[in-house]
Amino acid sequence: MNFKAQAVSGVKWTTLSTLIITLLQFIQLFIIARLLDPEDFGLMAIIMVVIGFAQAFQDMGISSAIIQRQELSHSQLSSLYWLNLASGVVLCLIVITISPLVANFYNDPRITNLMAILSSVFILVAVGNQYRILCQKEMDFSTLEIINVSSSFAGLVVAVVSAVQGLGILALVYAMLTQAGLASLLFLWIGLYRYHKPSLVYQHSELKGFYSFGFYQVGERCINYIATNADKMLIGKLVGMNATGFYNLAWNLIIFPVSKVNPIINKVAFPIYSKIQNNTAALSRYYTFNVKALSIITIPILAFLFFFSHEIVQIVYGEGWDTTATLLPILALVGILRALGNPGGALILALGWANVGFWWNLLWALCIVAALTTALIISPTPQTAAYTLLGLSLTLGTCWHILVAKISKFNYWPIARYFLKIFAVVMTIGWLGSLIVKAVDLNSPLLRVLIGGFVCGTVYIAYLLLFEKSILNSLRRET
């Protein structure tokens, strides 16, 4: 199968998986939000920040190197497998050790036991992580996505059953462990007979080339994770767990489309970029197509959240989440800016510039921590954090695109112009749609969303058919 056929197959499988997993996660949120308190969601958000930070060290940053390298020996894969497993055990012990310190920092003793239970996820993931990466490297997206869907469904069942039985925040903990454990075991089972069986060897000398690549990857992941989650950490400390819960659920609604649409492109794009990394013209065409595709898909979804925030929050979370509704429009703009910056990271990584991502994320982390700390000390509200994040995303996001353009040597102006055009069109359509819904004056939030979605969707589709035939034809050819 050639690269184009593999890419098309990958996009189709990833799209189908994303739609199913998104539906499962929506069902989980819909049910759990009515059974747990904002404080529970805030507490889980803080714990997941710590767990997620530790996960950046999970494979020593070498997973991306496995995809980026053209050739790998059995000895190298075996050594990498045992390194990954050992790092999982070490991380588990580290998280258990630091859990009392985190509990003291936030003055909440519940954190100690919850973090200790969740720490086992590192060992669970390590067991099958290499085989997950090999599936992606070989572009075996059918296996990859079937496992992802199966484990997500299992996590949903455990979460709902546990919440109904009154286990509270433990419902979220058990769901995460179930999902991670099942996925890892399935990847291990398939990988042992499809790819390789790790030998009981560890050749440190054969991994030297991986460490330099992995060092920057680990550093970039850690710093990027701090930057991405600094808002939750600082709100939890300076404002409180309730505020963190409101903020985190608003952010979850933004992450839904961003984290579901972007991987459809990026999961397939990284191995493709790596395989054509020496062909600048092909890279430019593929990257431009990716950004344009993300623009016409991601921007309208987030713009709809911007204009119909109160209705959507009422439908998804129920009553009592007004603070979340006020945060949603601000974070929707943040989501748009971040979504269009993500493809640049995969491109730079595929070109071998892992150090650039490291230093950029270090700058981003320093700026966001300093700005958020200052802003929240002056005005300790979640809205302050959201507006600060928006300002940083706009200014530093522009600098990021300039950096990507210089490294890739692409003509970036057509990409930026296309993004601005789609943004202006979509925001205009959303504004007109919201005016029509207000004029109808309906009490039901569901009816308002349905009418707004129908009006905005119809006008936007008409715009695409009339004025964006070229990108639609490109999408049709690629699929």
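Cβ atoms are placed via backbone N, Cα and C, with glycine included.
What TrEMBL says about a protein is an automatic prediction, not a curated fact.
Taken straight from TrEMBL:
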TRANSMEM  12-35  transmembrane segment
TRANSMEM  41-58  transmembrane segment
TRANSMEM  79-102  transmembrane segment
TRANSMEM  114-134  transmembrane segment
TRANSMEM  146-165  transmembrane segment
TRANSMEM  171-193  transmembrane segment
TRANSMEM  289-308  transmembrane segment
TRANSMEM  328-351  transmembrane segment
TRANSMEM  358-378  transmembrane segment
TRANSMEM  384-406  transmembrane segment
TRANSMEM  418-440  transmembrane segment
TRANSMEM  446-467  transmembrane segment
Check: Based on Cβ pairs under 8 Å, which of the stretches 12-35, 114-134, 289-308, 384-406 lies most in contact with the transmembrane segment (418-440)?
Finding: 289-308
Margin query: Quick test of the contact rule: Cβ under 8 Å, at least six residues beyond the ends. What residues does that give for the transmembrane segment (114-134)?
Written below: 43, 47, 50-51, 54-55, 58-59, 63, 66-67, 77, 80-81, 84-85, 87-89, 91-93, 95-96, 98-99, 102-103, 144, 147, 169-170, 173, 176-177, 180-181, 183-188, 190-192, 194-195
Checklist line | Annotated stretches the transmembrane segment (289-308) and the transmembrane segment (446-467) touching (3 or more Cβ pairs under 8 Å) | finding: yes
Notebook entry, point to check: Which stretch from 146-165, 171-193, 384-406, 446-467 shares the most C-beta pairs under 8 Å with the transmembrane segment (12-35)?
Noted result: 146-165
Item checked: Chain residues outside the transmembrane segment (146-165) and at least six past its termini with a C-beta under 8 angstroms from it -> 17, 20-21, 24-25, 27-28, 31-32, 35-36, 132, 171-172, 174-176, 178-180, 182-183, 186-187, 190
